[in-house]
Amino acid sequence: MLGLVLGGLAFSAVSLAGCLGALCENAFLLRCFSGGILAFLVLEAVAGALVVAFWGQLQDDLEHVLRMAITDYQDDPDLCFLIDQVQLGLQCCGVASYQDWQRNLYFNCSSPGVQACSLPASCCIDPWEDGASVNDQCGFGALGLDEDAAQRVVHLEGCGPPLLQWLRSNIWAAGGYTIVVVVVQGAELLLATQLVRALAVHKRAAEREGLSTGPPDSVPSPLPNWSRADWQVRRKTRAPGWGLGLQASPPLPGKVSE
């Protein structure tokens, strides 16, 4: 469960970076978004390759994993939730049969606890018993009954074969969904890359035109941008009274006054 939470947070952070980067035209956030999408694509490719390469071994190890989950049923809340969902969804109990719960320390008939010779409520045919909440005691004593009596209360068939059949029948659907997700992520990566390039081109064009998007480094001087020679010529050619408002300023050499 912790892995799912962390994965959801990672997806949310990458999505937020992409959204803010596109709205604010921030190249850094867009690069973070592109890097996150690329990392997800790599992880998905690796996971898909591992599933294809070890598909046969995964099917063989499925029953072993279920037996380990039954053994640690009360000790791990995540395994408890997973086993309950599998048994409720597939209407089964145990791995090969309901007797597999003898492997559990608490449900074993030799256990001194109150749950001895019992089964989880998810094994019951009607765990709710027409009520609004699950009756946790619906499977009490079911392991001590014979099959004819037990089949009226709990499911006798194990979850191994139906779970394997469910995986085989849904593997192509899962593969199709994965392909759609990969295509969408690839399109997002392409669009983000194009937007980063467009922002870089716009910035370079603005710098060439002198229209910097940042704050100005200095305030332009109000004085004319004349060279020292221009000032010397102007001093020699100015008329008497110039500077006191009595006569107009003479033009610079090389310029014709109208």
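Note that Cβ sites are derived from N, Cα and C of the backbone, with glycine treated the same way.
Just so you know, TrEMBL annotations never went through curation; they're auto-generated.
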Quick test of your reading of TrEMBL: among 99-118, 239-258, where does it put region 'Disordered'? 239-258
Intrachain C-beta neighbours of CYS109 (disulfide bond), sequence separation six or more, cut-off 8 angstroms: GLN102, ALA116, CYS117, LEU143, GLY144
